[in-house]
């Protein structure tokens, strides 16, 4: 193996630049030529390849976003699009790929490998922490810290005005951000996709948890698949308990921004190195992850098809500290 190419795809996550940096530096350490593919699969199709040396990735470990940009590619979904991408891979003489992203990224990489046998090792880059094969994903810790900073500020105004705040965080299919943010922010409840929402449970908890000395509450809501989910839930509660002053805050894309935390920088650096060394060991069609502090490699098909369960220890911690389960 002489040449590798690195790309980011799908939703951005803090720490992607740290992972790019690590992959590039690891490649040069092992005497490889390293290219970056700008704008993910679209860039692969259009031949948007740039050579990356160590200087090109200096001073990026602390930056959010991705210097290689990211884009969702409809064309790559088609056999014709993937053929164009393969032609560009051959043109530049690329022997192996490093893919940084989530489920969509690895679905594309799986298809591409099955058709053209270009070795690819992935690194999990998504704030949702929803990928099977790694305890944590790049960007998750930073996103939780971003949420926590907002929760702490909202708690101040919620207490001052004795309000109930529903704070919506990202997480379409999983409640990892919601649960960890709720625990670290001392929230009274978290509503997550793993468990069916029951408005009567929320109503009863608020009814029995509100008193003359405790009238403010913070409820964290994972966005799920329904747009404006926190607003919908807030309306349910307001109709049932009109005496409560209910407010909604949607944190949105602020969770994806900002410089990565120390934990994400270290995680991304470990995974960037692991992708390159995985390629050199002859691995292909796998994602590098960290489980129990050790590097592991999981087939893309498993990361795509297997569901990563919510951490039961986190749920147990929340229940014991809060006196109630998050299973609402």
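Residue positions begin at 1 at the first shown residue.
Cβ coordinates are placed from backbone N, Cα and C, and glycine is handled just like the others.
Computed from a predicted structure; not experimentally measured.
Summary of the site annotation: Swiss-Prot records ADP binding at 21, 22, 23, 24, 25, 186, 187, 188, 214, 215, 216. Screening the candidates 39, 155, 235 against this entry identifies 155 as the one listed for that site. Of the residues 194, 223, 277, Swiss-Prot places 223 in the same substrate site as 126, 127, 128, 163, 170, 171, 172, 247, 253, 254, 255, 256. The annotation in Swiss-Prot ties 72, 73, 102, 103, 104, 105 to ATP, and of the candidates under consideration, 11, 15, 175, the one tied to the same site is 11.
When the Cα atoms are compared, residue 25 (ADP binding site) and residue 105 (ATP binding site) turn out to be 22 Å apart. In sequence order, 9, 10, 40, 101, 107, 108 are the residues of the same chain, not among 11, 72, 73, 102, 103, 104, 105, whose CB sits within 8 A of the CB centroid for the ATP site. Between the CA atoms of residue 170 (substrate binding site) and residue 72 (ATP binding site) there is a gap of 19 Å, rounded to the nearest whole number.
Neighbour density at the Cβ, taken as the number of other Cβ atoms within 10 Å, is lowest among the binding-site residues 21, 25, 72, 172 for 172. The 10 Å shell around the Cβ of residue 256 (substrate binding site) contains 19 further Cβ atoms across the protein chains shown.
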